[in-house]
């Protein structure tokens, strides 16, 4: 605990949670670990609970959100809970006509193409996500010292769903709008940044101890495009959050790490393609005036299929490489894959926590 | 033409094709351009010709291969033809039980999991791809000065199809085999390298003027994994090819470019995420003893949906950035997307060829 400041230490047990110590650039008593998508499809108790309930209904049922969020904490001894939700939840809550179709993903009734479409995107009001507020209240009672991470999808990733009308491999309509009509693009991302910022503000006010901004598809962009068309909007979202650490994550973002930090991240999520020590070096070279960076990552989720000896080697390597950072939160380089054996997740947590 | 060697100049008009001059690190009379997947789905004349013929049957019909390969050359004035084929063609020809299912992609009857499975992978014999040889013969008569590029899938990408049983988003079984059973993995890639090397040898002997090795999925790997589990096998494939330039391409390979060059590439394919001047710098830093690199790329295929003014800006930028290389072959950073308007491809070629 020696690395955290006196003020943080005075904040009591919550500030001493390993995840929060690492997020602030300190050396906690053990390497904190949680796994993106730890709450969800890989757990039989989750699949049983979800039977007969549509995804977006589950996300708006406080008891169900609480239970699903707690399941991996009980089972795996992870160092954080991640709020069970979906990146389209605030859009749906605000009134955008969309649904999550099993096997497909989000499907948007009226994809965005015109100025009128953009103007028709509603604002998000706190009362529309009251079930999420209630779930956070329930969770903070159950979680004790384990911090709850709130989350939202970043404006670019939300825009891709809205413009393509659903999940997209190549994001061609999104990029066509971005390059073909930059004014409309920025208007769209401005609206989405408002929704995302409000959703995160509500979560922080309700008591989450950290937030993660998921820009899942940002890795589809070059750094140039990211900086011109995305960074200003994600910056606005992240700069509105105070008092809790902000984690910023995307997949395939090796070229974007410095820009994603610049957006206002306290912790930069790194996928498995870039070793953590290389990521730290890249972040330091890009911003030598900033404090030493804090990173989160970066086990390839496929390694949870490779057997214990391989998993053990990879966990040890990643912990070693993570020492290059001021703080390291262990995680996957992407979310838990649906067919993952939950026992391998538990095993991975044990390996991360093991000393030496 | 001053940059090509005397021997190359003596080879006559074929050696003077802009693509071949650039591939050898020279400055041709115009920036050569071709587009991955230029032969195929985006062209109405292709869709008409293919009606009623299965993909793998089309790939083994010399007249059809010749016609489909010629269609984009006639329509777009590109500087190279790319042999119409599919990366599973040599596997199918050798006797692996697989098919290409429309809307899904390759589907393998018995996915590879055991030593017996690996030992059962047959060798490829020249006569099994005689229709491809015949197609190359027909094409060389029709093409005149326009060089024909042969191609094959790299061992890793082939392995992913064989292990997963089809296209895969996360390659989890493939990576599990790689890390969990490295001996079996290397045995598998050795077999696939044999097939790929033979397929390319046959194409070169039949008269293709360059080859491209497609490691479509290599970008799913970290550099460490690529170097340990893939590079030796792709090196064996590329080192077996002499007398024609070797292009080596994958998507999302910003971290892998130096390793992919090291495998024996004369030309390194770069996707749109890494600007060409950055790619050249990265290649030079990694191998200062080698000649200045030659690159291919790297227009985002989504830009063909963004309208002419945006396309014009991007083409100009990429040509400018390509000047950092010894030679630059203009291409997309990935294949032509199925819904692309063919007129935009023609327009892109005109923009690349425009001086200044």
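Cβ coordinates come from backbone N, Cα and C, glycine included.
The feature domain 'Uroporphyrinogen decarboxylase (URO-D)' is assigned by TrEMBL to A:32-41 (among others). Summarised as a single figure, the pLDDT of the domain 'Uroporphyrinogen decarboxylase (URO-D)' (A:32-41) averages 96.
Taken from TrEMBL, the feature substrate binding site applies to A:37, A:38, A:39, A:40, A:41, A:86, A:161, A:216, A:334. Under DSSP, residue A:161 (substrate binding site) is assigned to a helix (H, G or I) in the three-state scheme. Summarising the environment of residue A:161 (substrate binding site), the number of other Cβ atoms within 10 Å of its Cβ, over all protein chains shown, is 27.
The Cβ of residue A:86 (site 'Transition state stabilizer') has 18 neighbouring Cβ atoms from other residues within 10 Å, across all protein chains displayed. Marked as site 'Transition state stabilizer' by TrEMBL: A:86.
The domain 'Uroporphyrinogen decarboxylase (URO-D)' annotation in TrEMBL covers A:149-165 (among others).
Here the domain 'Uroporphyrinogen decarboxylase (URO-D)' (A:32-41) has long-range neighbours at 17-19, 21-22, 47, 68-69, 71-72, 76, 78-82, 84, 149, 249, 329-332, 334-336, 338, 345, 348-349, 352-353, meaning same-chain residues at least 6 beyond its ends whose C-beta is under 8 angstroms from one of its own. Note: the Cα of residue A:39 (substrate binding site) and the Cα of residue A:86 (site 'Transition state stabilizer') are spaced 11 Å from each other. Helix, strand and coil content of the domain 'Uroporphyrinogen decarboxylase (URO-D)' (A:32-41), in residues and according to DSSP, is 0 helix, 1 strand, 9 coil. All protein chains included, residue A:41 (substrate binding site) registers 14 other Cβ atoms within 10 Å of its own Cβ.
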